Amino acid sequence: MSEVALPAPAASTSPEKPSAGKKAKKPAKAAAAAKKKPAGPSVSELIVQAVSSSKERSGVSLAALKKALAAAGYDVEKNNSRIKLGLKSLVGKGTLVQTKGTGASGSFKLNKKVASVDAKPTATKVATKTKVTSASKKPKKASGAAAAKKSVKTPKKARKSVLTKKSSKSPKKPKAVKPKKVAKSPAKAKAVKPKGAKVKVTKPKTAAKPKKAAPKKK
């Protein structure tokens, strides 16, 4: 009898399952990392705020600090070790001064020198920003004012040139008129003198008339 070929077994889908498992693990790690990162200010910042808000001259005790942190919504019971580490680091940096006790136990105050140094750079930054903004604004106004002054000065120069032209033209007219009048007056005087001379010449003719009556004798 002839042998019948059996159908090949279907390919198993088992290798795909581990990949899905790996993909599922990655979001779990991301969620854990998101949980580890606390939202809001750090423990040291909360401690500094609590110490600065207190009005006690001798300093704030650890119990008072925990109460202030709990009132701010911080979980004191779970983060007790973090509070102690934050206090030690702040004392080591010099931001806090330990007035009583040793380590994390005792009372703490803000270091005034460090607080003043921290406040000065912020004030200087604000002052420099205001100076830069004012300096950037002033040149624009000055340039506009300078342009306006130049535009105002140019017509003055034009007016001055017009006035100088008018003043230079006006004296020429009387100078041209005066010599003409002076020239006419001597001409009239010269014309009068020869008339008088003609009268003197005609006088001897009247003296010769009696000679005609002399030769008549009876």
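Heads up, the Cβ atoms here are built off N, Cα and C, so glycines get one too.
Swiss-Prot annotations:
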| type | residues | note |
| --- | --- | --- |
| COMPBIAS | 20-38 | compositional bias 'Basic residues' |
| COMPBIAS | 150-183 | compositional bias 'Basic residues' |
| COMPBIAS | 190-218 | compositional bias 'Basic residues' |
| DOMAIN | 39-112 | domain 'H15' |
| MOD_RES | Ser2 | N-acetylserine |
| MOD_RES | Ser2 | phosphoserine |
| MOD_RES | Lys17 | N6-acetyllysine |
| MOD_RES | Ser44 | phosphoserine |
| MOD_RES | Lys55 | N6-(beta-hydroxybutyryl)lysine |
| MOD_RES | Lys67 | N6-(beta-hydroxybutyryl)lysine |
| MOD_RES | Lys78 | N6-acetyllysine |
| MOD_RES | Lys88 | N6-(beta-hydroxybutyryl)lysine |
| MOD_RES | Lys93 | N6-(beta-hydroxybutyryl)lysine |
| MOD_RES | Lys93 | N6-acetyllysine |
| MOD_RES | Lys109 | N6-(beta-hydroxybutyryl)lysine |
| MOD_RES | Lys125 | N6-acetyllysine |
| REGION | 1-42 | region 'Disordered' |
| REGION | 116-218 | region 'Disordered' |
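Here the features listed in Swiss-Prot are placed on the structure.
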residue	record	DSSP class
Ser44	phosphoserine	helix
Lys55	N6-(beta-hydroxybutyryl)lysine	coil
Lys67	N6-(beta-hydroxybutyryl)lysine	helix
Lys78	N6-acetyllysine	coil
Lys88	N6-(beta-hydroxybutyryl)lysine	helix
Lys93	N6-(beta-hydroxybutyryl)lysine	helix
Lys109	N6-(beta-hydroxybutyryl)lysine	strand
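Of all the modified residues listed here (Lys88, Lys109), the one with the fewest other CB atoms within 10 A of its own CB is Lys88. Across the domain 'H15' (39-112), the model assigns an average pLDDT of 81. Take the modified residues Lys78, Lys93: by the count of other Cβ atoms within 10 Å of each Cβ, the lowest one is Lys78. In this structure the C-alpha atoms belonging to Lys78 (N6-acetyllysine) and Ser44 (phosphoserine) are separated by 16 Å. Comparing Lys88 (N6-(beta-hydroxybutyryl)lysine) with Lys109 (N6-(beta-hydroxybutyryl)lysine), their Cα atoms are 13 Å apart once rounded. Of all Cβ atoms in the protein chains displayed, 18 besides its own lie within 10 Å of the Cβ of Ser44 (phosphoserine). Rounded to a whole value, the Cα-Cα separation of Lys67 (N6-(beta-hydroxybutyryl)lysine) and Lys93 (N6-(beta-hydroxybutyryl)lysine) is 24 Å.
When the Cα of Lys109 (N6-(beta-hydroxybutyryl)lysine) is compared against those of the modified residues Ser44, Lys55, Lys93, the shortest separation belongs to Lys55. Shown are the modified residues Lys55, Lys67; the one with the most C-beta atoms within 10 angstroms of its own C-beta is Lys67. Here the Cα atom of Ser44 (phosphoserine) is found 19 Å from that of Lys55 (N6-(beta-hydroxybutyryl)lysine).
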